[in-house]
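Going by Swiss-Prot, these are the annotated features:
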TRANSMEM  21-41  transmembrane segment
TRANSMEM  43-63  transmembrane segment
TRANSMEM  103-123  transmembrane segment
TRANSMEM  144-164  transmembrane segment
TRANSMEM  167-187  transmembrane segment
TRANSMEM  218-238  transmembrane segment
TRANSMEM  244-264  transmembrane segment
TRANSMEM  282-302  transmembrane segment
Amino acid sequence: MPQKRLQMLRGLIELVRPHNLVVAALTTLIGYGTVASIYGGDIVSSGYAYAALIVVLVAAGGYVINDYYDIETDMVAKPWRPIVSGRVSPGAARFYAYMLFTIGLIIALVTCPNFIVFGFAVLNALLVHEYSRWIKRTGLPGNIVIAFNSASTIVFGALYASCMIKGKVVLPSVALIPVLYAFLLVLGREFVKGIEDVKGDAIAGIGTLAVRFGVRTAYMASVAVLGLVVVLSPFPYISGVYNMAYLILALVVDVLIAYSLAILGRGVARGLEDAIRASRRARSALKLAFMVGALAFLAGLM
């Protein structure tokens with residue numbers, strides 16, 4: 001294979017962020033597995049494979065289109081990214097993104113011809129596209145969209161499972177527990193990221209909580225949201241759907257959240273520069289907390 005084509009192929013793979021797609025597939029399994037355990041279906045099945053494939057394709061399209069709309073920013077901040085480095089042309093990237101969106105939505109329509117399931121897939125494709133195009137620059141609404149999209153993989157897995165197992169869309173209320181958990185955890189992480197990026201966001205005119213109201217307010221918002229995650233963490237076990245393995249790992253998540261808030265609180269108390277440095281460590285801890293949380297729900301279903 002000629003060197004140029006090999007570089008383009010590597011660029012196309014890099015654009016879809018494979019490690020993030022693995023996480024998306026796992027969170028889809030949380031929703032699918034929760035509904036399957038309630039209705040007596042197989043957790044790991046061809047139905048789940050289709051659901052994960054749809055989510056992965058739509059998410060991959062979202063990551064590609066994000067790089068497409070971030071060309072100007074990446075020229076300065078990330079010149080090694082596939083498009084700005086010249087490995088993938090902007091036109092090829094845009095075609096690639098729309099192809100991924102289209103294939104994912106076609107699979108959703110063909111494998112589960114249900115208006116709610118297909119409509120939810122379309123909604124998510126539109127949101128990830130519009131987030132990249134303009135919503136990300138709105139600040140708080142952008143934070144909410146990111147949190148929604150992260151949690152929506154669980155919702156889609158649950159909707160798709162009910163379609164495959166029951167033949168109709170039924171969303172048990174207990175399936176919404178991991179959805180709320182993921183939404184709040186990611187939203188809190190977005191508030192922390194807003195502290196980390198406060199200087200650049202202020203220059204770009206992005207109205208995050210940290211920019212509009214200060215890093216202390218953004219910190220207090222993250223405390224409120226992430227504190228709610230800790231408060232809610234026992235309820236999945238209490239519901240009877242998730243076993244003791246969930247509870248043990250959920251406690252690890254709680255510790256990671258407490259750690260991130262503690263180091264961020266100390267940083268905020270010392271001033272802006274310390275807050276920014278502390279937010280990097282806090283965000284890394286929260287990213288780990290999200291992964292452990294996903295594993296908690298998966299282990300809790302076994």
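Every residue, even glycine, has its Cβ placed from backbone N, Cα and C.
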Worksheet item: So what's near the transmembrane segment (21-41) in sequence-distant terms, Cβ-Cβ under 8 Å and 6+ beyond its ends?
Response: 47-48, 51-52, 55-56, 59-60, 150, 153-162, 164-166, 171-172, 174-175, 178-179, 182, 241, 290-291, 294-295, 297-298, 301
Discussion item. Would you say the transmembrane segment (244-264) and the transmembrane segment (43-63) are touching, if the rule is that at least three C-beta pairs must lie under 8 angstroms and be 6 or more residues apart?
Written reply: no
Discussion item. If you count every Cβ pair below 8 Å, which range out of 103-123, 244-264, 282-302 shares the most with the transmembrane segment (167-187)?
Written reply: 282-302
